[in-house]
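The block underneath contains the structure these notes are about, expressed in C-alpha cells.
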Ligand SMILES: NC(=O)c1ccc[n+]([C@@H]2O[C@H](COP(=O)([O-])OP(=O)(O)OC[C@H]3O[C@@H](n4cnc5c(N)ncnc54)[C@H](O)[C@@H]3O)[C@@H](O)[C@H]2O)c1
C-alpha cells in the first residue's frame, strides 16, 4: 500500500517506520525542515539525536528504500494520486489550562490536505482514500474532519479513527508486538483498507484487533489514558501518602500486598513525584472539557489531575517543612530532565517546575544532568550564571546542597556508593522516584537526610 504520514513526531515517525517494516511504501511529511533532514539522513545516530526511540534509527536505515521524508507539498500531491491512506499525526496540545484541545495544527494540515486531495487523479478524485486520525482527538473529530473535507469538495474518502497507544521509550518494541489495534470506521470499505494496512497484525494470535465506530475509538483512547492516569494518582496520592505518613511502612511492601491481587494488577504501582509526558495529563483534561461542555460533571477526572499536581508540590514543600532546608543561596543538583527514562521527551516533565521552583527561591546554582534530554531542556533553560549543564551525574552532585532525582534513569540507582564514598558535603537527597530505596538505610547511616516519595523523612 502507499501510505502518507502527516506529522513526523513520536507517533508519526514510529508508525511510519512500522508501516515500512510491514512492506508498505511510505512518505512522511512535516513542516519542520530540521527534523525532516535528520530523520531522512539515513544515519542512525542523527535520527536518534532528533527522536530517541530504541530501534527507530536502525529500522529507518534498514527500510530507507521504502520510506522517505519531505517538507515539499508538491511531493505529497504527487504521492496522493496513488495513496491508500493518510495518517494524521499532528499535535493536539491543551489550549492554555482550559482542557480544550488545540486543533489548529490538525486543522491547518487537514485543510492543506483537502486542497491537495481535490486535485488527485487530475481532478477526477477517482481513487478512494482513507484519512486516518492517529492523533488523540476529541470524540466527535470524525465529524469535524469530514466537515473540512466536504468544505473543500473532497470526494471518494472515508474518515477512520485509529488511536495510538504507544508508550514512549518502548514505541518500536511495542508497535512490533501491540496488545491491541483499535480501528474505528463507519464503512466496510474503510475497515478493509485498514485491515490491509495492519495485515501483519490482523490475524496475529496475540493482538486484539478491535473494530468499532470512530467515536468509540476516539473515546476509548481518552478513557484508557484516564484510567492509567487515575491508577498513578491513587498510587501517589493515597498509597504513597500513607507510606509517607507512618513509620515502619515500606512502600515496596505495600505494593507487594496490594498488587498481588489480580483484579488490581501491577501496572503503575510505583511512587513518583509526578506523572508527566505529553499524553496522560492532556487527555484527562480533554476528557473533562468534553464532559463539561456537554453539561456533565467531571469531578473525579478533575481531582485526578489535581492529585498529580499536589504530588509535585508536596514533594518540593517537604524539604523545607520536614528537613528545615532553606533553598536560598543553595546549590541544587537536578538529575533527570526527560519526563521518564528511555526518552528525550521533556513535555510536562516535572523538572521544568522544579527549575522554576528553584529559581523563585533564589538558589545559587542548578546543576543539571540527563543522559539524553539536555539539548531539549537547554532550549527552555539556557545555561547562565545560575544554570549549569553537566555531562556526568557526578559533576552535578559533587558540590550540591540538595540532590533531586527526577527521572528514573537506571544509572541513577548506583549513586548511593558515590554519595557515601566521595562527597565532601552531605546533600539533602530528594528522591522523586525511589531510585535509591535499596540504599536509604546506608545513606542514613552515613549521615544523609532523605526526602523520598513514599517514605517519611529519613535522617
Ligand atoms: N507521544 C506519545 O507518546 C503519544 C502517544 C499516543 C498518542 N499521541 C498523540 O499523537 C499526536 C502526535 O503526538 P506526537 O507525540 O507525535 O507529537 P509531536 O509533537 O512529537 O509531533 C507532531 C509533529 O507534527 C508536526 N506538524 C505540526 N503542524 C504540522 C502541519 N501543519 N503539517 C505537517 N506537520 C505538522 C510537528 O512539526 C511535529 O513534528 C498527539 O495528538 C498525541 O496526543 C502521542
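Just so it is clear, glycine is given a Cβ too, placed from its N, Cα and C backbone atoms.
Remember, predicted model here, so these are calculated numbers, not experimental data.
Features reported for this protein in TrEMBL:
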{"type": "ACT_SITE", "residues": "279", "note": "active site, nucleophile"}
{"type": "BINDING", "residues": "30, 35, 92, 136, 168, 282, 347", "note": "NAD(+) binding site"}
{"type": "BINDING", "residues": "165, 166, 167, 168, 221, 276, 340", "note": "substrate binding site"}
{"type": "DOMAIN", "residues": "333-438", "note": "domain 'UDP-glucose/GDP-mannose dehydrogenase C-terminal'"}
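Feature map: annotations from TrEMBL on the structure.
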residue: 30; record: NAD(+) binding site; DSSP class: coil
residue: 35; record: NAD(+) binding site; DSSP class: helix
residue: 136; record: NAD(+) binding site; DSSP class: coil
residue: 165; record: substrate binding site; DSSP class: coil
residue: 221; record: substrate binding site; DSSP class: helix
residue: 276; record: substrate binding site; DSSP class: coil
residue: 282; record: NAD(+) binding site; DSSP class: helix
residue: 347; record: NAD(+) binding site; DSSP class: coil
(request) Looking only at C-alpha atoms, tell me how far residue 276 (substrate binding site) is from residue 347 (NAD(+) binding site), rounded to the nearest Å. (result) 7
(message) Please give me the CB contact count at 10 A for residue 347 (NAD(+) binding site), counting all chains in the structure.
(response) 19
(request) Provide, as an integer number of angstrom, the distance between the C-alpha atoms of residue 136 (NAD(+) binding site) and residue 221 (substrate binding site). (result) 7
(message) Taking every protein chain in this structure into account, which of the binding-site residues 35, 221, 282, 340 has the most other Cβ atoms within 10 Å of its Cβ?
(response) 221
(message) Neighbour count first, Cβ atoms within 10 Å, every protein chain included; then name which of 166, 167, 279 tops the list of recorded positions.
(response) 279
(request) Measure from each Cβ of the binding-site residues 167, 221, 276, 340, 347 to the atoms of ligand 1 and list the residues where some distance is under 6 Å. (result) none
(message) When secondary structure is assigned with DSSP, how many helix, strand and coil residues does the domain 'UDP-glucose/GDP-mannose dehydrogenase C-terminal' (333-438) contain?
(response) 38 helix, 19 strand, 49 coil
(request) Can you tell me how spread out the NAD(+) site is, meaning the largest CA to CA distance among 30, 35, 92, 136, 168, 282, 347, in Å? (result) 24
(request) Starting from the Cβ of residue 92 (NAD(+) binding site), draw a 10 Å sphere and report how many other Cβ atoms land inside it. (result) 21
(request) Find the shortest Cα-Cα separation between residue 340 (substrate binding site) and the recorded positions 30, 35, 92, 168, 279, and name the residue that gives it. (result) 168
(message) Between residue 167 (substrate binding site) and the residue listed as 'active site, nucleophile', how many Å separate their Cα atoms?
(response) 10
(message) Nearest by CA distance to residue 166 (substrate binding site): which of the recorded positions is it, out of 35, 92, 279, 282, 347?
(response) 279
(message) I'm trying to understand the geometry here, so how far is the Cα atom of residue 221 (substrate binding site) from the Cα atom of residue 282 (NAD(+) binding site), in Å to the nearest whole number?
(response) 12
(message) Please give the maximum pairwise Cα distance, in Å and rounded to a whole number, for the substrate-binding set 165, 166, 167, 168, 221, 276, 340.
(response) 21
